[in-house]
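Trainee: The annotation (6S)-5,6,7,8-tetrahydrofolate binding site is assigned in TrEMBL to Leu119, Gly123, His124, Leu125, Glu241. The domain 'Serine hydroxymethyltransferase-like' feature in TrEMBL is assigned to 6-380. Sequence annotations record features per position, and here TrEMBL assigns N6-(pyridoxal phosphate)lysine to Lys227. Under the heading site 'Plays an important role in substrate specificity', TrEMBL lists His226.
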Amino acid sequence: MNKIPLQNFDPEVAGAIRHELARQESGLEMIPSENFVSLAVLEALGSVTTNKYSEGYPGNRYYGGCEYIDIIEQLAIDRAKQLFGAEHVNVQPLSGAPANIAVYLGLMEPGDTILGMDLSHGGHLTHGHPVTYMAKIFNFIRYKTDAEGKIDLDHLRQMALEHRPKVILVGYSAYSRDIDYAAVKQIAEEVGAITIADIAHIAGIIAAGHMNNPVPLFDVVLTTTHKTLRGPRGGMIMCREKFAKILDKAVFPGFQGGPHENVIAAKAVAFKEALQPDFKTYAKQILLNAKTLERKFREYGYRIMFGGTDNHLLLVDVTPQGLTGKEAQLAFDKAGITLNKNMIPDDPRSPMNPSGIRFGTPALTTRGMKEPEMELIAGMMNEVVEHRADDAYLLGVKERVGELTRRFPLYPELAR
Ligand SMILES: *Cc1c(COP(=O)(O)O)cnc(C)c1O
């Protein structure tokens, strides 16, 4: 076994990791799906549990030597149940997309119809975008948001009655409002559809009790663990007892092989963190920070999609300012502000050069930033848009970004 420390054995990889650490610390991370995990989560992630094969589930494995792995996985399951009030939990999905796929394969036959949210209205790639293999296997149909930006429940019901889908799916990655799960459930009952919610983006806010929780109402709820939930990169499926066997089988052996127990250990640690009282304070601050950005962007005269935000993110049309989402993203990059270009509802432009930008507050809030910093940041963002063509000016903003982030150290304990 190699005994030489990483820095000495592989300076190329070690150097790139060090630079990545510096990048994360010195910039403003505003991609709404990103966050920063604790050192405890990092420690579990880098533990010897990565060495272990444990196909199967706690107490019922295909391999010997799983007694400690069983403890870890059971802790993750029990804590997730407590966090969301779930009847059954599977913590093995390797990420959000594999969780989606396992659920689709578990609940549907090829050719079955699934009603999901229109992608330009905030839905996710994994909800049947034509570029995915799932779109070849299942028949995806779509509902949209209404003129006010809320999910159009009349349209959803009309689509459900017309197409009689096997599954109704709600969930999003660029939508900024809450969802009336009870109303969706009622429509699903009317047409006999199974209900799935994909809460990948907002799981942490739901766990903290600051947004509606679909878990007590819906048949199946799936999520990532690395977004607002602030755990390791991974996925998770929660469901009613009725679907437990079929979905466990869909994950393994239906779709995946051995679970990544180091990630499951890190999930268990993150769930314990999310059960602490200060996680509620954190999630509340995510929302307050997003509201502050919304207020400032309104003052600056931007076109905010969906009528505002109930969660951690904002989708803003920048074309009235005379630039595209792609041009905006490029200018923000030069200023040390990381966000992404994004389609707006029924966007006349293309996904590679759309009309909007999407940004959010989970990562900045983890650093300890609050309303006063959000006001500063909104001001700098507006300057970036106004001075997008002036590289020297953008460099000046980047310097101010550096001053701000130095006041909110991220991982002072880590070697560099
Ligand atoms: C992020 C996301 C996913 C995919 O998660 P990955 O971990 O990137 O595979 C799925 N669904 C929604 C709604 C998401 O936001």
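The backbone N, Cα and C atoms fix where each Cβ goes, and this holds for glycine too.
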Trainee: Given the recorded positions Leu119, Gly123, His124, Leu125, His226, return the subset with CB under 6 A from an atom of ligand 1, ordered by sequence, or none if empty.
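Mentor: Only His124 meet the Cβ criterion.
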Trainee: Return the average pLDDT for the domain 'Serine hydroxymethyltransferase-like' (6-380) as a whole number.
Mentor: 96
Trainee: Across all chains shown, how many C-beta atoms besides its own are within 10 angstroms of the C-beta of His124 ((6S)-5,6,7,8-tetrahydrofolate binding site)?
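Mentor: Cβ-Cβ neighbours of His124 ((6S)-5,6,7,8-tetrahydrofolate binding site) within 10 Å number 23.
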Trainee: Fill in the CA-CA distance, Gly123 ((6S)-5,6,7,8-tetrahydrofolate binding site) to Lys227 (N6-(pyridoxal phosphate)lysine), as an integer in Å.
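Mentor: With the alpha carbons as reference points, the distance is 16 Å.
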Trainee: Would you mind pulling the DSSP three-state label for His124 ((6S)-5,6,7,8-tetrahydrofolate binding site)?
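Mentor: Where His124 ((6S)-5,6,7,8-tetrahydrofolate binding site) sits, the three-state DSSP reduction gives coil.
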Trainee: Pick the one among the binding-site residues Leu119, Gly123, Leu125 whose Cβ has the fewest other Cβ atoms within 10 Å in this structure.
Mentor: Leu125
Trainee: How far is it from His226 (site 'Plays an important role in substrate specificity') to Leu125 ((6S)-5,6,7,8-tetrahydrofolate binding site), counting Cα to Cα, in Å?
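Mentor: If we compare the Cα positions of His226 (site 'Plays an important role in substrate specificity') and Leu125 ((6S)-5,6,7,8-tetrahydrofolate binding site), the gap is 17 Å.
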Trainee: How big is the Cα-to-Cα gap, in Å, between the residue listed as 'N6-(pyridoxal phosphate)lysine' and Leu119 ((6S)-5,6,7,8-tetrahydrofolate binding site)?
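Mentor: Between the Cα atoms of the residue listed as 'N6-(pyridoxal phosphate)lysine' and Leu119 ((6S)-5,6,7,8-tetrahydrofolate binding site), the distance comes to 19 Å.
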Trainee: Please list, in sequence order, the residues in the chain of Glu241 ((6S)-5,6,7,8-tetrahydrofolate binding site) that are at least six apart in sequence and whose C-beta is under 8 Å away from its C-beta.
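Mentor: Long-range Cβ contacts: Glu87, His88.
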Trainee: Express in Å, rounded to the nearest integer, the largest CA to CA distance found among the (6S)-5,6,7,8-tetrahydrofolate-binding residues Leu119, Gly123, His124, Leu125, Glu241 named in the record.
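Mentor: The (6S)-5,6,7,8-tetrahydrofolate-binding residues span at most 30 Å between Cα atoms.
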